[in-house]
Each structure stands twice: as structure tokens, then as C-alpha cells.
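Some features that Swiss-Prot has for this protein:
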{"type": "DOMAIN", "residues": "28-57", "note": "domain '4Fe-4S ferredoxin-type 1'"}
{"type": "BINDING", "residues": "Cys37, Cys40, Cys43, Cys47", "note": "[4Fe-4S] cluster 1 binding site"}
{"type": "DOMAIN", "residues": "58-89", "note": "domain '4Fe-4S ferredoxin-type 2'"}
{"type": "BINDING", "residues": "Cys69, Cys72, Cys75, Cys79", "note": "[4Fe-4S] cluster 2 binding site"}
{"type": "DOMAIN", "residues": "132-161", "note": "domain '4Fe-4S ferredoxin-type 3'"}
{"type": "BINDING", "residues": "Cys141, Cys144, Cys147, Cys151", "note": "[4Fe-4S] cluster 3 binding site"}
Amino acid sequence: MKIDASRRGILTGRWRKASNGIRPPWSGDESHFLTHCTRCDACINACENNILQRGAGGYPSVNFKNNECSFCYACAQACPESLFSPRHTRAWDLQFTIGDACLAYQSVECRRCQDSCEPMAIIFRPTLSGIYQPQLNSQLCNGCGACAASCPVSAITAEYLHAH
């Protein structure tokens with residue numbers, strides 16, 4: 001009996017559209033990116049901070065778990081398909097959210113996200129309980145992900161600000 005390997009995608013969920021990941025900086029419109037990306041891994045291999053990995057469908061996806069984006073533009077320069085926007089444009093429209101797992105919300109003193117945030121988009125304000133609570137200023141945030149990388153409980157997540 002011969003097995004059709006192309007049909008295995010139904011069992012593994014690969015038939016779904018390969019989206020819901022954060023694409024590399026300057027990758028632009030997701031539908032254009034997914035249509036023209038050859039999944040060659042050139043951008044993944046060029047990433048100096050190792051935040052790019054193969055995501056759904058083998059497309060490059062950002063993972064802020066261990067590091068931040070330095071906006072070095074190496075991923076864009078490595079792409080043989082010229083899919084990336086010019087460096088002088090905004091890298092991406094990401095919105096970071098501090099979730100309920102945040103240690104400060106659990107009455108545990110922690111300010112690692114603030115300490116790692118170079119543009120100082122995260123500040124801690126006093127509360128009646130005595131534990132300072134984080135506030136994220138999205139106007140100051142550059143989307144580097146340093147806060148998410150430094151969070152010991154992975155309470156900080158990123159998503160696109162606008163439909164991508």
C-alpha cells in the first residue's frame with residue numbers, strides 16, 4: 001500500500017494558512033510575504049540575535065523568548081527575493097502586552113522588563129499595595145522585544161497593532 005505524503009498535512013494541521021506568526025522586521029504585507037517567500041532560511045541564518053526561526057509552514061517567524069531584535073537589517077539584506085521594505089521605513093507595527101502572569105501583578109517585586117527597555121517605554125508606578133505595577137507606553141516602544149526576552153515568566157507577548 002502506497003502512502004500519499006502530501007495528504008499527511010490534514011492530520012498535522014499543515015493545511016491551515018501559515019500565519020499567526022510575527023514575521024521578520026521590514027517584511028511588510030503578510031500575504032505578499034507568504035506568497036513570495038521561498039523559505040530558503042537565508043534571513044533566519046543571517047539573524048545575529050537568533051530571534052528568527054521556522055514557523056508554521058516553514059516560513060520565518062520571530063521568537064522573542066531568548067533575545068531581542070537589534071534592527072541590524074541583516075535578515076533583509078540576506079533575502080534573495082528582495083521581499084523586505086527599505087531600512088529607513090518602520091520595521092513593524094507590534095503591540096506588546098503585559099499579561100496577568102507578570103510577577104508584579106502577583107505581588108512579587110520584579111522590574112526586569114523595565115531594566116531591559118532601552119527606549120524606557122516601561123515604567124513602574126506605585127500602588128496602594130506597595131508593589132509597583134508596570135505601565136507600557138506604546139508611543140515610546142520601538143518593538144525590539146527586549147522586555148519579552150527578559151521576562152522570567154513570559155508574561156509579555158507581542159502581536160500586530162493593525163491587521164497584517
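Indices start at 1 and increase along the chain as displayed.
Placed from the backbone N, Cα and C atoms, the Cβ positions cover glycine too.
Restricting the binding-site residues Cys37, Cys40, Cys47, Cys141, Cys147, Cys151 to those with a CA within 10 Å of the CA of Cys75 ([4Fe-4S] cluster 2 binding site) leaves Cys47, listed by sequence position.
Least packed by the Cβ count within 10 Å, out of the binding-site residues Cys47, Cys72, Cys75, Cys151, is Cys72.
A distance of 29 Å separates the Cα atom of Cys37 ([4Fe-4S] cluster 1 binding site) from that of Cys147 ([4Fe-4S] cluster 3 binding site). Within 8 Å of the Cβ centroid of the [4Fe-4S] cluster 2 site, not counting the listed residues Cys69, Cys72, Cys75, Cys79, the chain contributes Pro24, Pro25, Trp26, Cys43, Ala46, Cys47, Leu52, Phe71, Tyr73, Ala74, Ala76, Gln77, Ala78, Phe84.
If you take the C-beta of Cys147 ([4Fe-4S] cluster 3 binding site) and look for same-chain residues 6 or more apart in sequence within under 8 angstroms, you find Phe96, Cys113, Gln114, Ser116, Cys117, Ala121, Ile122, Leu136, Ile156. For Cys144 ([4Fe-4S] cluster 3 binding site), the same-chain residues that are 6 or more apart in sequence and have a Cβ closer than 8 Å to its Cβ are Glu68, Cys69, Ser70, Phe71, Glu118, Pro119.
Taking the centre of the Cβ atoms of Cys37, Cys40, Cys43, Cys47 as the [4Fe-4S] cluster 1 site, the nearby residues of that chain (Cβ within 8 Å, site residues left out) are Pro24, Arg39, Asp41, Ala42, Ile44, Asn45, Ala46, Leu52, Pro60, Cys75, Ala78, Cys79.
Apart from Cys141, Cys144, Cys147, Cys151, the [4Fe-4S] cluster 3 site neighbourhood in this chain, defined by C-beta within 8 angstroms of the site C-beta centre, holds Phe64, Glu68, Phe96, Cys113, Ser116, Cys117, Ala121, Ile122, Gly143, Gly145, Ala146, Ala148, Ala149, Ser150, Ile156. Per Cα geometry, Cys72 is the residue among the binding-site residues Cys72, Cys141, Cys151 nearest to Cys40 ([4Fe-4S] cluster 1 binding site). Take the binding-site residues Cys37, Cys43: by the count of other Cβ atoms within 10 Å of each Cβ, the lowest one is Cys37.
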